[in-house]
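Asker: The structure is given below, and queries will be raised subsequently.
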Amino acid sequence: MDTFTQIVIAAISSGTPLLFAALGGILIERSGIIQLGAEGIMLLGAVISCMTFIHTGSLPLALLAVAGISIALGLVHAFLTVTLRANQTVSGLAMTLFGTGLSAYLGKSVAGTPIPGSVPKLDLSFLDGVPFLGDVFGHLNVLTWFSFALVVILHLFIHRTSWGLHLRAIGDNPATADVMGIRVQTLRYGYVIVGTILIGLAGADMLLAYSPTWTEGMTAGRGWIAVALIIFARWNPVRALLCAYFFGAMDTIGFKIQLIGSEIPSYFLKMIPYIVTILVLMYLGWRSRNKLSGTPQSLGLPYIREQRF
Amino acid sequence: MSKTQAAALPLEPAEAPRRKRFSYRIEIDPSGTRNPWWIAPLSILLALVLCGIFIAANGMNPVTVYAKMIKGAFGSSFGITETLVKAIPLLLCGIGVAIAYRISVWNIGAEGQFLVGAVAATAVTIWFPNLPIYGTIPLMIVFAIAAGGIWGLLTAIPRTYFQVNELVTSLMLNYVAILLLDYFVFGPWKDPKGFNFPGTPMFNDAQTLPVLGDTRLHLGLVFALVAVVLYGLLVKYTKWGYELRLIGANPEAAKNAGIPIQRHILLVMLISGGLAGLAGMAEVSGVSHRLMYGISPGYGYTAIIVAWLAKLSPAWLVVSAVLFGGLIVGGYSVQTIGLPSSISNMIQGAILFFLIAGGMFGKFRLRRNA
């Protein structure tokens, strides 16, 4: 296997959690709610999947448990931001703090214990002979395939169905959507919850497929990189896939430089993804200074029927 | 309208649709400018109840745990001075966060600014090891404030000139700062006599802040109190403070009044970062006496809640900094009964949840649909 193939494989495996989280965030933000709790939700998703997997030994149960906790967190965020119209930024920050603390607290008992198994891979032995694709696809697990499917589904959903039209409408102009008979509040609840499940799944994928033991704060800011990814991807699922793998590659290239024995200390190589995030955001901001960035127009504004802010 | 009244109105057509009996709507309360005073204590109480459920689920008695935390933080003179020691960085970072939030700039980078401040202060001890105390301490302060301020500008410049959300940048920079600190304490500045301990050599007497008696309470307390008084005075009585309040209240109006918002953002982030940097200097020079791995238990993040709980008011900043200082010390004290200190992070997050939920009571009112 050549270096390029290795980097592609590693980029996909480290990009998949980012992709899940970004897709979840896109759904939530398209509906007009800012979601900054990704870091905390991912940590909780990771720790819950780890605990369930270790105690029951069943992967589906682990994923179900993640869905369960994500629904609870999504309900909290939706209740605070949609029903109580609380500040969406602070609600997300609170979720990150709470998730970081709670996951460290819960994870104390399973810290360092390896999980009893791995995510199964699809049987693609017929591809073995194909030089590049065989290696790449042979390494993908079920969750990664699911993330591919999800990109396609969400892309079609958002841009090709009437439900997607409603989703975009409540994110851009909830008042008009309301007049058209779309249930803004109910839909926002729904999208926040579904999106939170995807973000929780990102944490589970991080733990189950990327680094299979729980350590405190293991996401190391990936939740926030996912938040930045949503902006890079301009709230578009297909672009989210490309951006997530780009960041996965950034992650991987740091390791690779270290492996070939470079003089640069590893600490600086680990800074690459964060610094690249800031630089890319600055570039995008500069380029789109005079045009629309694709931000849902009512993002962050609570909607109250018959009233203007 | 009640049923009997409806029956008494003869003009109403019989087939008029029945009104829903309990139909309410939420609307902005134009008169609601401040929250009832009981929101903050109630939020804390509810947060403790919520976290108590998790503690109980883990097989511990929450009452015992909380009693242990309170006793650890406020139950002895040692506990109280430790709480105050923790309150110093929280107060300094909290003022910084509060100033930024005054003009709706979300500085969640106080953690990183704190860390680079600590690194810069340590740089002074490494580069100029033999200066006398009246030379070293001021130089450390200047270095730390400059480093924190630059770190703050790194967030402010993308925000003002490139429309980059400051939340994302300031958080990314926190991770960069952690890695930078790790590089120094594991790499070039590592104490050769430290038995592989990830830290710099201990500071000498000229590089440490004076302490009160034989406690660990150091001069940083004075820095923090001076800063909070200055913050109060500046915001309340100066033109600059007035402009900050105007931008915070109505950015559109401020812009039309010709207030240079961009310049304010840069200045505010410079100050905000500088204060967090000063907190970092006070921590290495006053408490740990060396730069070491994991020097902050998340002061920068806790400072956000400190500022939010205090609603940016200077006096309440002091109160909430002491309260959260106590929470951190209490978190350490439950480690003796086998609980992780992260329990205090969990409580902090929960407090914030209830605070923002409660914060909405003052802003909106419930109206019966007519």
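Including glycine, each Cβ sits where the backbone N, Cα and C put it.
According to TrEMBL, the protein has these features:
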TRANSMEM  B:37-57  transmembrane segment
TRANSMEM  B:77-101  transmembrane segment
TRANSMEM  B:108-128  transmembrane segment
TRANSMEM  B:134-155  transmembrane segment
TRANSMEM  B:167-186  transmembrane segment
TRANSMEM  B:217-235  transmembrane segment
TRANSMEM  B:265-285  transmembrane segment
TRANSMEM  B:291-309  transmembrane segment
TRANSMEM  B:316-334  transmembrane segment
TRANSMEM  B:346-364  transmembrane segment
Asker: Where else in the chain does the transmembrane segment (B:77-101) make close Cβ contacts, counting only residues six or more beyond its ends and a cut-off under 8 Å?
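Answerer: Contacts with the transmembrane segment (B:77-101): 71, 107-108, 110, 113-114, 152, 212, 215-218, 220-221, 223-225, 227-228, 231, 235, 244, 248, 268-269, 271-276, 278-280, 282-283, 286-287, 296, 299-300, 302-304, 306-308, 310, 312, 314, 317-318, 320-322, 324-326, 328-329, 333.
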Asker: Counting only pairs 6 or more apart in sequence, are there at least 3 Cβ pairs under 8 Å between the transmembrane segment (B:167-186) and the transmembrane segment (B:291-309)?
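Answerer: Counting Cβ pairs under 8 Å (6 or more apart in sequence), the transmembrane segment (B:167-186) reaches the transmembrane segment (B:291-309), since there are 3 or more.
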Asker: Please report, as numbers and ranges, the same-chain residues at least 6 past the borders of the transmembrane segment (B:217-235) whose CB is under 8 Å from any CB of it.
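Answerer: For the transmembrane segment (B:217-235), the sequence-distant neighbours (Cβ-Cβ under 8 Å, at least 6 residues beyond its ends) are 81, 84-85, 87-89, 91-92, 95, 98-99, 102, 208-211, 241, 244-245, 275, 278-279, 282-283, 285-287, 314-315, 317-318, 321.
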Asker: Which residues of the same chain, at least 6 past either end of the transmembrane segment (B:37-57), have a Cβ under 8 Å from a Cβ in it?
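Answerer: Those are 63, 65-66, 309, 339, 343, 346-347, 350-351, 353-355, 357-359, 361-362, in sequence order.
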Asker: What residues elsewhere in the chain lie close to the transmembrane segment (B:291-309), defined as a C-beta under 8 angstroms and at least 6 residues from its ends?
Answerer: 40, 89-91, 93-98, 101, 108-115, 118-119, 122, 174, 181-182, 184-186, 189, 197-200, 276, 279-280, 283-284, 316-317, 320-321, 323-324, 327-328, 331, 341, 345, 348, 351-352, 355-356
Asker: Would you mind listing the long-range same-chain contacts of the transmembrane segment (B:108-128), meaning Cβ under 8 Å and 6+ residues beyond its ends?
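Answerer: For the transmembrane segment (B:108-128), the list is 89, 93, 96-97, 135-136, 139-141, 143-148, 150-152, 155, 166-167, 169-171, 173-178, 180-181, 184, 189, 200, 203-204, 207, 272-274, 276-281, 283-285, 290-291, 295-296, 298-301, 303-304.
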Asker: Cβ under 8 Å to the transmembrane segment (B:316-334), counting only same-chain residues 6 or more beyond its ends: which ones?
Answerer: 65, 68-74, 79, 82-88, 90-91, 94-95, 98, 224-225, 228, 231, 297, 302, 305-307, 309-310, 341-345, 347-348
